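Lifted from Swiss-Prot, the feature list:
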type    : residues : note
DOMAIN  : 1-141    : domain 'Globin'
MOD_RES : 3        : phosphoserine
MOD_RES : 7        : N6-succinyllysine
MOD_RES : 16       : N6-acetyllysine
MOD_RES : 24       : phosphotyrosine
MOD_RES : 35       : phosphoserine
MOD_RES : 40       : N6-succinyllysine
MOD_RES : 49       : phosphoserine
BINDING : 58       : O2 binding site
BINDING : 87       : heme b binding site
MOD_RES : 108      : phosphothreonine
MOD_RES : 131      : phosphoserine
MOD_RES : 134      : phosphothreonine
MOD_RES : 137      : phosphothreonine
MOD_RES : 138      : phosphoserine
């Protein structure tokens, strides 16, 4: 459960992302594909080279979903229900991949905002991304 302080930290961190959200989403995906090559199996029809239009487009989808989640921290299941259905029933993404992408997103945020990435902010973002991952995998059961 996210505390009021966690929610404030997440909102402040995401506000600093600003107009770079789609780029950070794409960068996090690129990090995920490079660090965990098995994640590429879900994108056989994509050009997965760094900077590809398809990776950028999917990075924007990731960023848009996270922006929606940041704005709906009090109702993540409601905000992410359709996305959970999609990943569980149609795409059948292995739930571990959400944790891998979350880790790469944390690395991306830390790389771009090192001064703002305090231990408290890191912990809050980690809890938030874990909550998002839990919601996205909730329809698997």
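Heads up, the Cβ atoms here are built off N, Cα and C, so glycines get one too.
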Per-residue Cβ crowding (10 Å cut-off), top of modified residues 3, 35, 134, 137: 137
Residue counts (helix, strand, coil, in that order) that DSSP gives for the domain 'Globin' (1-141): 113 helix, 0 strand, 28 coil
Site of maximum Cβ density within 10 Å, from modified residues 49, 108, 131, 138: 108
Distance, residue 16 (N6-acetyllysine) to the residue listed as 'O2 binding site' (CA atoms, angstrom): 21
Neighbour count (Cβ, 10 Å) for the residue listed as 'heme b binding site': 21
